[in-house]
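Trainee: Sharing a structure here in structure tokens format.
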Amino acid sequence: MLQFLKSSLPKPNIFAFDEYFIKAFWRWGLLVYCLRWPLLLLPFLLTGILSIGFVWIEEQTTRDPLFVFSPENARWRYERAVLTQHWPLDEQHFWPGKSYDYNGYVDVIAAGRRRKSNFDPEGVARPNILLSGYLNELERINEYILHNLTVSLQLPNNNQTLQISFTDLCMTYAWKCYENEHITMLQPKGHWTGSGGFLKAEIVELAKDIIEKEVKITYPIGWRGTEPLYFGALVGGVHLTDSEGHFNYASAIRLTYNVRDGNLIGQVSERWRKKLAEYLTDKKEPASDLLEFGLYHNMSLPEGLQDVADTLMPKFGGCIFVLFLFCMGCSIVLLSDTSSSGKQTIIGIDWTRSKPLLGLAALLCPLLATLSAFGLLLWFGCLYNAIVNVSPFICLSIGIDDAFLMTAAWHRTCPELKTSKRLAEALAEAAVAISITSFTDMLTFGIGCFTTLPGVRLFCMYTFAGITFTYIYQITYFAAAMAFAGKMEEFGQHSIFPFCKTIELDKAKTNFEKLTIAGSSSVSKCEKEEKQVDNSWLVEFKKCWNEEKKMKEIDMKDEEEDKDLTTNTNPTTKQTFVNRLFREVYGPFLLNKKTKLYIFLCYSLYLLFALLGVSHMEEGLHPKELVKSSFYLTDFYVLIDETFWREGLQLQVVVNNPPNFVNFTQRQRLNQLVSSFEDTEFTMKHNATMFWLNAFDAKIKEDLMERNISEPKTLSEWHQRCLEWLLSAGGRRLWELDMHWIEGFLVAFRFQIGLRNYRTPTEHTNGCRLMRSIADSFPEFNVTTFHEYYPFSDQYIELKPALYRNCLIAVLCMGFIALLMIPSWPAAFFIIAAIVSIDIGVIGYMSLWGVNLESVSMITIIMSIGFSVDLSAHITYAFVKAPEGLSSNERAIAALETLGWPVFLGAFSTVVGIMVLTLVDAVIILIFFKTVFLVIIFSLLHGIVFLPILLTVAMPNEGCVCQIEDGRK
């Protein structure tokens, strides 16, 4: 096998620091050997101390999805603050749909259960919920919730226990709870008059007459006398029978329960809301056989995210177990016997050179690092969120990747050297590889810490700390474990049972001994005798530190001697099967001219489909994909998607600078404003607009026509007439909550626009953009718009700019690191090209795989930049550092022989580790799996397929040039 000694390496360019890393790690290897006991134990002690930070994890956990998934500087925060400023929450003056700064709401959607019938054999259509049977059932459940669904409250001063119901907790208007009276209004009109016989006939007739004249059940706005009632947000999936808005079919009815929040009453309200959720979403004992319910309250989404996290954490244990078996298997070295014909036959395991305990140490390293990092950040008061639970998977994969590189470097050292020297050479050879892996990933996630999305920032912060500790523990704890494993190999001890020594193959008497205790021979006798001298660690440290002089001697060796050493196989170096596989089979096959042509065609197709996917990339994640499909919130999103997201929701439009209402020009501009909102693809027409000004204008005309009262001539007169009208207006309890008066002047007002086509994240985003652009086009009114889904829209709006910004910065930083660590300008440039190619592939195929751009996929795209550097840089560095005088194909084969197998193992172990994520019933976790899978697969393909071919084509004379230049010198 080719030995990459320092003196044979080409001189680095003036910006490359790889040689300094090699020298530093060579010396560090000697130091680790001398201090192996402290370096092995101190990480455990430090982890134990830092893990105390987990004491504060509960109080520092944030479950607010508006904080986690929405940018800190998002526009919706200002827009909601405007509504709160003008119309602060008043628990005794409350009407549903008018306030957005409280947590005491429960939103319920009721729909008939799908049933197969002759008209619908598949059971796809929803039954008509307006039928008496469904309405009676819904009314029964509503009455039970209002009066019989209770929670107990123990009074602090005595042993009395009170049963608290909705009517004790509700927010009121004029001392009356909102009790979903629209259920009764939707009943047949005979149901209203109490036809059971308890009313006199004359009263029944009078009631019927009033109902017929005063009550109009129309869509989207009905009327209860002169008070409008917006049915668009109460009845979903309607079928209209005429142009006036009458309807004879609806698929769903919406209910709302609003309770007080804050301090002691808030705790009771929260218990009541949770009990209501349990009652309506119980699958074993459903509340109704006729109806099914979707329910949402302020803690539904946080509970759903926590449910995903609770499901994910046990899978982490499965991931560890799978990786444990994988690491154990990869640490095994096979023992072969040469027959008389010269053919080698594998007969067992080399228990001297195998390192199963080192595989266990490799697994413990990132686990210790994760505990240390998380504990430290929690100790410093950093917030925590369930999305961070994915971070340990990343740290685990990176730690194991580095362990494979270090172990492979160990096996390439000469077994006849002392352990201290072997460790120094192994760390020196792996120095650049593991440093590139860690530094690039640290930098990638470090850049992610500065994004405006708190969820992404928290994830990147914890992952950055985890990778940092992984790197530190890798060169301390794991290096010390390598020292102990090397000592066991040096003295011929069994790799699993140190108290037992292995025997050479020819000394094994039985097959059992060949299978269980056979191994390679240990070091020479003279070295064993030297090792029997009992030196203190300080004496041994001084002795090892003197090896620095030998480093200088190595640097001064003759080049011809180096060439002889580096171009011939060292007879003392043990070769493995995979080395021969990459050198004799895979490398020549890959670099064959026909293979290169086929690979070029495959890469062209890869890039073509990737660009196609990029062009079709969509932003946003459907809210139901944030939780498990079995979680009750999924039913709510399914029902609202079938009904109210199609049409019916309301947009709040606030005019912060009211016009002069008696000025014709300004009134025309106000009318244009309203028309602009009504005439879009995302809004319903004028008949869905709830605007008090229309009712007041009708009142002014009525006064003029019937009472001969002239129209207001001045703004102050207009204000006075408006205030007088509010005292007796039919919709007073609605309209007064849409106006903000100060000392008799209207300083702000709002109206509501009906929304439609709000089903997908893309429609949410485009609708939000359009509504805001319309508002901005009327600057004289200082218009503010708001909808409860704006926070998610702002996340989608911020995603692409944040992604482009972070990717650009990360690629530039990765390029800078590549220039520092790779002693070849062209090779560093090809690494940057590989990063761009991998990122394009990940984004494109992610889109083709049905993954939209959102917070989780953005995290993995950022992560892909660091991962893509890792595998590509390993192969490129090995290519550049290959022995001089070799052709480009030989250099590529040497690079594949050296690092192809550990690179493959690192990638494969990551894929194996994340396979357990496919067992989680949550789209958000599957998105993480898909994107990480694409990152690893494409990085691996670039590392061991595309890049070697590119390097041989683009740098055909690299080795020859280096040799000629050195000869001139």
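Just so it is clear, glycine is given a Cβ too, placed from its N, Cα and C backbone atoms.
In TrEMBL, annotation is done automatically, which means it is predicted and not curated.
Residues annotated as transmembrane segment in TrEMBL: 37-57, 316-336, 356-380, 387-410, 430-450, 462-485, 597-614, 803-822, 828-851, 858-879, 899-920, 932-955. Residues or ranges marked as domain 'SSD' by TrEMBL: 349-484, 827-953.
Walk me through where these features lie, including what they touch and how far apart they are.
Mentor: Nonlocal intrachain contacts for the transmembrane segment (430-450), taken as residues 6+ away from its ends with a CB within less than 8 angstroms of a stretch CB, comprise 18, 21-22, 24-25, 398, 401-402, 405-406, 408-409, 456-457, 459-461, 463-464, 467-468, 470-471, 474-475, 806, 809-810, 813-814, 817-818, 821, 859, 862-863, 865-867, 869-870, 873-874, 877, 899.
Beyond the ends of the transmembrane segment (803-822), by six or more residues, the same chain brings 15-18, 21, 432, 435-436, 439-440, 443-444, 447-448, 451, 828, 831-832, 835-836, 839, 853, 858, 861-862, 865-866, 869, 873, 876-877, 880 to within a C-beta distance below 8 angstroms of the stretch.
Residues in the domain 'SSD' (827-953) partition by DSSP class (helix H, G, I; strand E, B; coil) as 111 helix, 2 strand, 14 coil.
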Trainee: Counting each residue once, how many in the domain 'SSD' (349-484) are helix, strand and coil under DSSP?
Mentor: 111 helix, 2 strand, 23 coil
Trainee: Which residues of the same chain, at least 6 past either end of the transmembrane segment (356-380), have a Cβ under 8 Å from a Cβ in it?
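Mentor: Distant Cβ neighbours of the transmembrane segment (356-380) are 43-44, 46-47, 50-57, 60, 320, 323-324, 327-328, 330-332, 388, 391-392, 395-396, 398-400, 403-404, 407, 461-462, 465-470, 472-474, 477-478, 481-482, 485, 495-496.
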Trainee: What stretch of 387-410, 858-879, 899-920 shows the most Cβ pairs under 8 Å to the transmembrane segment (828-851)?
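Mentor: Per the Cβ count, the answer is 858-879.
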Trainee: Given a Cβ distance threshold of under 8 angstroms, which distant residues of the chain, six or more beyond its ends, lie next to the transmembrane segment (316-336)?
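Mentor: Same-chain contacts beyond the flanks: 344-350, 353-356, 358-360, 362-363, 367, 389, 392-393, 396, 400, 403-404, 407, 411, 505, 514, 518-520, 576-577, 905, 908-909, 912-916, 919.
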